[in-house]
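According to TrEMBL, the feature domain 'CWH43-like N-terminal' maps to 8-233. If you look up TrEMBL, you'll see 12-35, 55-73, 94-112, 118-145, 157-185, 205-227 marked as transmembrane segment.
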Amino acid sequence: MWWFQQGLSFLPVTLVVWSAASFVFSYITAIVLHHVDPLVPYISDTGTIPPERCLFGIMLNVSTFLGMATMYVRYKQVSALSPEKPKILRLNKLGLRLGWMSCFGLCIIANFQKCILYYIHVLGACLTFGVGSIYMLVQTILSYLMQPELHSKDIFWARLAVFLWSCCSILSMFVSSVVLYSGLYGQNLVQKLHWEPQERGYTPHMISTVSEWSLAFSFLSFFLTYIRDFQKISLQAVVSLQGQTLHESPGSFRAEEQALLVAGSI
């Protein structure tokens, strides 16, 4: 059995590979069609103009679903490992809510392009990266609380390093974006897809775009740390029939079942 076939490790692997592919494919398409500059454009700029916009949107929507599934499995795993620790359980529930909010933000990014609905796109980015960073922090704290009995120290330090990486990327992107869009370098820069090195604002623009790519891959790297954990877990569905036929209501079936039990006991 291959390592990615063990347990549910295929979930974080698929999430990382698919999400990275959505960035790379839309980037290649935008470059080939000369819609953006080859040197580190904004990720959102590579999904602004058709046909890459269509590819970008549908692939990120799939990433949203994969992210929600991965976070749910992580939630169930922590709950099963620490059923009698209220502090861990509360953090675990908070982490699931934050993670799903981050996934919802990714769905907004995928479907509301920067050059068309800028403020909604920014809201999606704040949910994805801002709330997503808090999700990473919660999971890092959980890893700390669960060591050394349930988690190795290496996993905790790896997650802490990735979390700090994402924080540095967020800070760099925020500062450079504020400088870039402050009005010192012109107006309507949101719509600008092509930059020349001699233009004013080129330096903060490059810092901002590099930070965005760094931030995106820091998030993907965090989910890579789930692989070993997910190798030790599996989920299965339990089918519970609520009726002997498909036209009976569940309530009538339960009444019949209880009547049979009473009759049998007499």
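Yeah, the Cβs are placed from backbone N, Cα and C, and that goes for glycine too.
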With the cut-off at Cβ under 8 Å and a gap of six or more residues from its ends, the chain residues touching the transmembrane segment (94-112) are 44, 47, 56-61, 63-64, 67-68, 71-72, 74-75, 120-121, 123-129, 131-132, 134-135, 138-139, 142
Tally Cβ pairs under 8 Å between the transmembrane segment (118-145) and each listed stretch (55-73, 157-185, 205-227), then give the stretch with the top tally.
157-185
Find the average pLDDT over the domain 'CWH43-like N-terminal' (8-233) in the predicted model and report it.
91
Outside the transmembrane segment (205-227), at least 6 residues beyond either end, the same-chain residues with a Cβ under 8 Å of its Cβ set are 3-4, 9, 11-13, 15-16, 19-20, 23, 39-43, 70, 74, 129, 132, 136, 139, 155, 158-159, 162-163, 165-166, 169-170, 172-173, 176-177, 180, 195
